[in-house]
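Asks: Sharing the feature lines straight out of Swiss-Prot:
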- Arg47: NADP(+) binding site (BINDING)
- Arg124, Gly125, Ser126, Asn240, Ala241, Gly284, Lys299, Pro300, Thr301, Pro302, Ser303, Arg326: FMN binding site (BINDING)
Amino acid sequence: MANTIGKMFSVTSFGSSHGKAVGAVIDGCPANLELNTEDIQKELDKRKPGTSGVTTPRKEEDKVQILSGIFEGKTDGTPITGVVYNNNQHSKDYSMFKNTPRPSHGDYGWMSKYGNYDYNGGGRGSGRITIGHVIAGAIAKKLLKTKNIEIVSQVIQIGDIMAHSNDFDTVKENVEKNSVRCGDLEAAKAMEELILSKKQEGDSIGGIVETVAVGVPAGLGEPVFERLDGDLARILMNINAVKGVEIGFGFDVATSCASEINDEYYIEDNKIYTSTNSSGGIIGGISNGMPIISRIAVKPTPSISKCQKSVNLEKMEAEDITIQGRHDPCICPRATVVAQSSVAIVLADHMIRSGYIHPSNLEI
């Protein structure tokens, strides 16, 4: 089972939804980065459940404990271990799924591959595992901040409701003002109403999350394998419920002409820019200094209270199921910080690999 990602800045995720704890081990963060528990906790608070009507009612404090890697308020170059203990599991809600896979969940695949499958809360395949992503992402973002790189994520679409585009600073401010975490406050209200209506119906709804990174220098990534956009696509597709990834114009390039979307260069203050950013800040697998823009398509949470058809694998017969428990009517709001963290992990890794950040000591 693959649980580690990254080359120089690597992240190993551990734990399960209803196990004792979840978390991550981060290896390769250079020494002398100022870091404390609050830096990580404020990011975890953005993804923790039970914070609004558009998220799961499961109540978890999600308080992080740092077990290693920090000495006197700074990283010491050794692996950083962050752990969050689970406190509010309702495993009885899942006993009926021991032999009956839930539609559009990973249950059947896990059963087929591993045999011994922890079905409680989805086990290792639960969205709760992304706590590890956020712990690592908080550290990566703090590291990137030393090089003036900032990242913001927002929900830009829920169902057929789309947000209007705003500048980076406006989005950064507005996402903190609404439960949907959308940079367009008017659209956010409509999105919230749609999510709550689906919740009332016992259903769920999907959407799109956009992430923008500014301040990224030109030169990150490789031209063939380990392209920057390839690594971003890989980590973003590894987020639970993500079914599609776009960089820049994404699939819209299929209906465009080169004359419409080519990013033309110009010089300003002795620096190179492009007049447009159709490529989303990455051309030929390598960053070009423009904002890096990615989007993920997030499917509706498959755990819904409507009756669904499945099969009993022990009896080998059809079986109808109704999923009880505490589930998100839309995972997009909480997925924003996970997407942001994932992008930060990849950028931190490439910044070290490309020589922009010293691999062992920030003070060198």
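Glycine is no exception: its Cβ is also placed from the backbone N, Cα and C atoms.
Provide an account of the burial state, proximal residues and distances for the features listed.
Replies: Of all Cβ atoms in the protein chains displayed, 24 besides its own lie within 10 Å of the Cβ of Arg47 (NADP(+) binding site).
According to DSSP, Ala241 (FMN binding site) is assigned to coil rather than to any helix or strand.
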Asks: Cα distance, Ser303 (FMN binding site) to Arg47 (NADP(+) binding site), nearest Å?
Replies: 18
Asks: Counting every protein chain present, what is the number of Cβ atoms, excluding its own, within 10 Å of the Cβ of Ser303 (FMN binding site)?
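Replies: 22, counting other Cβ atoms within 10 Å of Ser303 (FMN binding site).
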Asks: Tally every other Cβ atom lying within 10 Å of the Cβ atom of Ala241 (FMN binding site).
Replies: 20
Asks: Quick check on the binding-site residues Ser126, Thr301: which one has the highest count of other Cβ atoms within 10 Å of its Cβ?
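Replies: Highest number of other Cβ atoms within 10 Å: Thr301.
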Asks: Name the secondary structure element type, per DSSP in three states, that contains Ser303 (FMN binding site).
Replies: coil
